[in-house]
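S.K.: Okay, here's the structure, questions in a sec.
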Amino acid sequence: MSAGLNLAQQEAVNHLHGPCLVLAGAGSGKTRVITHKIARLIQTGLEAKRIAAITFTNKAAAEMRERAKGLVGKGAKEVVICTFHALGVRMLRQDGAALGLKPQFSILDSDDVTAILKDAGGTTDAATARQWQWAISLWKNMGLTAAQAEAQAADDNERITARIMARYEERLAAYQSVDFDDLIGLPLKLLQNHAEVREKWQALLGHVLVDEYQDTNATQYELLKLLVGGHGRFTAVGDDDQSIYGWRGATLDNLKKLPQDFPKLKVIKLEQNYRSTSAILRAANNVIGPNPKLFPKTLFSELGEGEPVRIVDCDNEEHEAERAVARIQSIRANGLGKDWKDFALLYRANHQAKVFEQALRKAQIPYKVSGGQSFFDRAEIKDLCAWLRLIVNNDDDPAFLRAVTAPKRGIGHQTLQNLGVFAGKYKLSLFEALFSSSLGSALSTRAVGGLHEFGRYVNDLEYRARHTSGAEDARAFLTDWLRDIGYEKHLYESEDSEKLAASRWTNVLDFCDWMAQRCGGQIDDTAGVTTSSEKKTLMEVAQTISLLSTISEREQDQNLVTLSTLHAAKGLEWPHVLLIGVNEGLLPFKLDDDDGAKGQANEGILQRLQEERRLMYVGITRAQRSLAVSWTRRRKKGREMVAAQPSRFIAEMALEKATTREDPREKLKALRAEFAKKAQDSAASTAANG
Ligand code: ATP
Ligand code: MG
């Protein structure tokens with residue numbers, strides 16, 4: 001098992017019985033240590049199902065499962081490889097009853113939460129609701145209850161938000177629903193307050209491995225501590241220089257706390273980078289240099305100096321996109337990278353992708369946008385998920401409200417509002433209220449009739465979903481259901497463009513395919529919630545959908561250029577990386593305080609700058625063989641074009657040859673001509689031979 005591991009990595013892999021922290025820079029093989037350690041643990045006789053490996057994203061989990069499978073074969077299947085959130089779901093489904101949660105509880109997404117907060121806070125303004133959402137999420141991540149948040153509120157604004165939080169929490173309980181933060185907070189509460197549950201999980205888990213440890217937050221750390229118990233059989237790997245989720249409550253304190261909380265902690269450092277050339281690594285080391293060091297470390301590479309890092313200075317975003325496309329094409333034409341999937345365009349903010357998407361399309365280069373709008377965020381998929389959620393958990397009011405109007409079925413806004421008031425008065429969920437014998441006193445006979453019909457239909461579906469398993473039966477179920485509710489017709493009627501309606505309907509069919517496949521039981525669950533290969537009922541599959549954010553494993557193998565935010569690129573690598581929009585104001589992101597602290601180097605601004613610098617470091621270190629960093633002289637601001645500056649990080653990279661003005665388009669033209677000629681020649685010779 002020591003194959004492909006250096007001595008320090010082997011040491012980490014072989015430290016089996018006590019707490020272990022691998023602290024090392026980018027590309028030094030931390031994630032590799034985790035996969036190899038999974039294999040090692042199985043080899044020493046620990047049952048696979050007693051190993052849990054926690055990753056930062058579902059995608060990383062899927063990738064790790066693949067790699068583990070490559071090392072130990074089928075045995076890896078039973079290892080719990082998932083995100084903290086997916087582990088939380090597993091714990092709550094099994095033991096949530098101790099907290100008053102039914103096993104079929106719903107998981108609300110961000111839009112549901114906004115809607116509930118609007119209601120709880122009595123506003124129609126989504127921006128206000130989202131501000132509350134943000135604050136509440138941070139509090140929850142710090143482990144504060146509404147009462148505690150109110151007690152420590154700094155001003156009236158915070159006090160009001162804390163009171164809204166209390167109402168919000170009441171509603172979640174009534175809906176038998178949890179939000180994403182609860183998926184960590186509630187399991188923690190479970191382990192803190194219920195000794196028997198805690199002991200069960202501690203006995204079950206023989207070893208816990210955590211990747212990207214630097215981005216865990218306070219509640220995740222507490223949860224980890226309780227899961228591993230006093231023995232501390234865990235392996236955490238991380239890099240303080242890659243901590244980029246401070247804005248979401250992640251805290252480097254977790255790194256500092258480890259040696260205090262686990263005095264036997266073995267700390268291992270890795271110094272060799274196996275990913276990038278020396279030129280790329282030097283730029284990365286230079287950028288991160290000015291940040292204060294928590295743990296000093298140096299990185300070196302034996303992959304040779306490699307291509308110099310290119311700085312590409314462009315007139316505007318269109319120009320930048322053109323040059324990016326030209327660069328990709330010329331690298332391919334030169335034979336330095338052959339697959340589209342060898343390339344990634346990385347940027348600070350989602351909105352930057354559009355111009356580049358257009359340019360790639362124009363050049364007929366296949367690409368995918370990751371970390372952007374997910375398949376599950378599309379309106380049609382959310383409609384279908386709402387139905388499924390309602391079937392799983394009748395008390396899920398947000399799902400009820402979406403399903404009952406998708407498609408519209410003659411139940412109007414007023415009826416729903418009256419139903420809501422009635423349900424509130426008797427403390428019932430909307431679905432329960434609908435079958436109440438006294439509903440007739442609050443609603444017209446016609447309205448009650450419509451609601452009953454809907455309720456009965458949901459009950460029928462629920463019954464069938466429980467008794468439908470296997471891909472084929474699931475497909476029949478889904479087809480019947482969509483026909484019953486007239487969903488295709490609804491899409492064509494609600495969409496002006498027929499093309500758009502058709503593409504939305506294709507999404508629906510894709511979704512059904514994917515659901516059906518899952519019922520077939522051959523595919524691992526991407527989120528790691530289920531790993532069994534048996535047939536599953538539609539009900540069981542529906543219970544896990546809210547957590548998934550990728551439509552299928554299919555995408556992974558596709559040969560596509562990646563467009564991604566820097567945050568979503570963490571942990572990944574590509575032979576050729578283009579960092580785009582590296583301008584002041586974008587990367588680093590606007591640092592001025594809106595409240596007038598402009599230009600003052602206060603502590604908050606300094607910390608944000610340090611996090612931005614780490615983000616740049618993450619970006620640079622994704623590259624294996626070549627790196628281009630581009631910026632534009634002018635950028636759009638509203639409708640105007642304004643002058644723009646290169647990011648200070650470009651100077652900090654301290655490249656010997658700072659800029660290149662060489663335009664690859666010229667080179668490309670020549671290469672194209674050469675290719676066209678070759679193609680012509682070969683066509684001519686084929687014709688002559690045939
Ligand atoms: P990041 O900080 O970006 O998450 P990491 O420390 O997790 O990086 P890995 O992704 O595990 O690094 O490894 C980086 C690359 O180096 C991978 O392609 C991996 O296969 C390779 N690698 C790691 N260790 C070795 C080794 N000992 N021999 C050969 N290749 C290695
Ligand atoms: Mg990694």
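In case you wondered, yes, glycine gets a Cβ from its N, Cα and C as well.
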S.K.: For the ATP site that TrEMBL describes with Ala24, Gly25, Ala26, Gly27, Ser28, Gly29, Lys30, Thr31, which of these is also annotated: Arg198, Arg233, Arg275?
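M.R.: So the ATP site in TrEMBL includes Ala24, Gly25, Ala26, Gly27, Ser28, Gly29, Lys30, Thr31 plus, from the candidates Arg198, Arg233, Arg275, Arg275.
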S.K.: Note down the number of other Cβ atoms within 10 Å of the Cβ of Arg275 (ATP binding site), including every protein chain shown.
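M.R.: Excluding its own Cβ, Arg275 (ATP binding site) sees 20 Cβ atoms within 10 Å.
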S.K.: Check the binding-site residues Ala24, Ala26, Ser28, Lys30, Arg275 for any whose Cβ is under 6 angstroms from an atom of ligand 2, and report them in sequence order.
M.R.: Lys30
S.K.: Any same-chain residues 6+ apart from Lys30 (ATP binding site) with CB under 8 Å of its CB? Would you list them in sequence order, or say none?
M.R.: Val22, Ala24, Asp211, Val237, Gly238, Asp239, Leu270
S.K.: Which one of the binding-site residues (Ala24, Ala26) has its C-beta surrounded by the most other C-beta atoms within 10 angstroms?
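M.R.: The largest 10 Å Cβ neighbour count belongs to Ala24.
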S.K.: Compute the mean position of the Cβ atoms of Ala24, Gly25, Ala26, Gly27, Ser28, Gly29, Lys30, Thr31, Arg275, which form the recorded ATP site, and then list in sequence order the other residues of that chain whose Cβ is within 8 Å of it.
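M.R.: My list of surrounding residues reads Asp239, Leu270, Asn273, Tyr274.
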S.K.: ATP site residues Ala24, Gly25, Ala26, Gly27, Ser28, Gly29, Lys30, Thr31, Arg275: biggest Cα-Cα distance, Å?
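M.R.: Taking every pair among Ala24, Gly25, Ala26, Gly27, Ser28, Gly29, Lys30, Thr31, Arg275, the longest Cα gap is 13 Å.
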